[in-house]
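Each remark here refers to the structure printed beneath this line.
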């Protein structure tokens, strides 16, 4: 039996990108939820290079009397997961909860995650009930979740929900990983001995629009595929072999038909030859693109540039910047 350590301090990590409309309500509701815990807490808000007034509002919130808010300002936009990792590097709690700033996942669910973590779980995930997203987002999410489950063997139902709780040793383990492309829920489950999911409410977005454009979703998909496994590279080799065998077989067939039916038939098959040629060329480009994605990520890792740069940290105990 493993010793279960009770949670003494909770750190809530929230990435913020152009969320000035939702910030006042986010801070109020998150603070109220944390106060109901009866434990020490801190709320870390990471500004991910916002172009609106979000950064200024975060600084004011940290400097308010009696504040529990730590504001971390990044110099530019690095993406949701990099911003969360920046928050992880400044937490002081022994249980860390991540939460989106759009209020689609209610902060009022925080006490339930803390209570479940107190049962001895390393990671507490969540599954969104009655999800209030578009059909495209929900369908894409289901496909990605199935891909992750088959690849990792972890029966987690909703990897896309960022309302999650992590024990401190899990966060420390993730901080020791230096890959540039990080998908936090998957990375955490690699180190977790005990993980569980609980159902949570999901609300419509009240302010603004989703920051995940179509291209950002495509980039996220590449992050998932390349950080999970090298299986696509093996599949690429298999596909190349199939195409090579198929091309050779078609060539033999064309020679036989040419000898059997004469040159007139061959002339009439020109368009079919072009169609086959373009099919093979397209398959080659797909394979080259996938291979290039892996090589590009290797190049990024070799350069060893930091995944984020923290410009300022404002803590409630002092108005001085770190």
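For all residues, glycine too, the Cβ spot is worked out from N, Cα and C.
Just so it is clear, the model here is predicted, and its values are computed rather than measured.
According to Swiss-Prot, the feature transmembrane segment maps to residues 236-256, out of the candidate ranges 236-256, 299-319.
Cross-referencing 207-227, 270-290 with Swiss-Prot places the feature transmembrane segment at 270-290.
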